[in-house]
Amino acid sequence: MSLPMDAVEIPMEKAVSARKDGGHGKAISSYMHKWMVYLAIVQGFSVMLNLNVVFMLSSTAPKALGVDPFSTWIVLILELTTCIANTLLFWMNPVKPWLTVMVSYVQAVVYIIQMLVVQFMKDTSGMAMYLICTAMCGAIFGCNSMTSFGFVAFGPVNHLGSLSFGCALGGVVPFLFSTVFQFTLFADNTVESTKALMHTIMGFVVALSVVSGLNLTVYLRNPDIKRHYEQAEIDGISTAKCTFRSALKGLKYTWKIVLLDFINYTNILIFYPSIVPISMNLKGEYVVMLIGIFQMCDTIGRFMAVYINPRWLPCNTLNKVVILSICNLASSAFLLCCTLLDTPFFRHIVTITFGVVTFATIGGYCCSFSDRSIGEHVPTHLDKEVIVSTTSVFKIIVSVFCAISGFVAIFLVRVIQH
């Protein structure tokens, strides 16, 4: 599951446009425009690839390390460290372009360490080191998502749509590759093949992280781009003080969005990647396939919310989407009942066709729709500190909801197993 990166209609965009209209910006060439689109897509891909690879490998790590399943602990630790990193970046102001560069390279280093852990460690010590690396991945994701959002939103041209598209790719591609690899190159299902699969996927993350870091380094050294971010600092965009008190002034206009995020993120992450795969007693490779199907459906739902004209959608207002998300709670209850029934039809066919496909698509749609609605409910006449704080604090709110979900999932999994 991914944190929201597709809030493309936000008040900050208007602030950026106003700054450009004031004469500080320069005309962007066609080449530079394409470069920024490419950069945003790759960066979004790198950000979400980190998160989704951790989720995906949570089902294969126990076999590689020779321990019992601990995916619920992986989810909880990942979300907690993400929440902490988001909070720290919130107080620092997330518009820190060069911090994004540094985090990209650190991400590559952490995954190299994780590869060494998988290769040379096992049992309890291996699991402990794996969880430590997971915590670092969560902190990296929290920093990377916040800073990437900031530097793209306040760039010469706002390409948050391209960043969102890259995030969607980061959710789907690793699961597709993993499913193909598990049934072709690494089909023998041994410990060594499991380790080889994990090394292949984590190696891809390392390569993409380095590519993203190099892209950002070259991009930020461009004289025009460098002048732009220097001007942003002069204008106070990157120095505005973000506080929770300022955020509360804006959140009173957006309480429905907070409710919507709470329902959807807790509902989805309590069930994936923990309760449903464990309840179905699937093998590791099939767990990855199931989560991959879920991720693709979630991406389809997010695509519909972001790129399809609302007039073509039946649930095209915030109130309707709140009702839809409440109805999705019934879908999750039905999904849980199906996994507990000891019949192939309900436990597998109905769970995947109705439960996973419908549940994930609706959940993804509601999550992205709530992100898009931020700009419609935060008044533009508010102070700059209030607008930046309100928009940034939503990432912290979502990460808190995700951490709560992981904590609840740990206890529910134990109840179901007994």
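Keep in mind that glycine also has a Cβ here, set from the backbone N, Cα and C atoms.
According to TrEMBL, the protein has these features:
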{"type": "TRANSMEM", "residues": "35-58", "note": "transmembrane segment"}
{"type": "TRANSMEM", "residues": "70-91", "note": "transmembrane segment"}
{"type": "TRANSMEM", "residues": "98-121", "note": "transmembrane segment"}
{"type": "TRANSMEM", "residues": "127-151", "note": "transmembrane segment"}
{"type": "TRANSMEM", "residues": "163-185", "note": "transmembrane segment"}
{"type": "TRANSMEM", "residues": "197-220", "note": "transmembrane segment"}
{"type": "TRANSMEM", "residues": "253-275", "note": "transmembrane segment"}
{"type": "TRANSMEM", "residues": "287-309", "note": "transmembrane segment"}
{"type": "TRANSMEM", "residues": "321-342", "note": "transmembrane segment"}
{"type": "TRANSMEM", "residues": "348-367", "note": "transmembrane segment"}
{"type": "TRANSMEM", "residues": "393-416", "note": "transmembrane segment"}
- Query: With the transmembrane segment (70-91) as the reference, which stretch in 35-58, 253-275, 393-416 has the largest tally of C-beta pairs below 8 Å?
  - Reply: 393-416
- Note: vs the transmembrane segment (197-220), the recorded stretch with the largest number of Cβ pairs under 8 Å from 98-121, 163-185, 321-342, 348-367 is 98-121
- Item | Most Cβ pairs under 8 Å with the transmembrane segment (35-58), selected from 127-151, 163-185, 348-367, 393-416 | 163-185
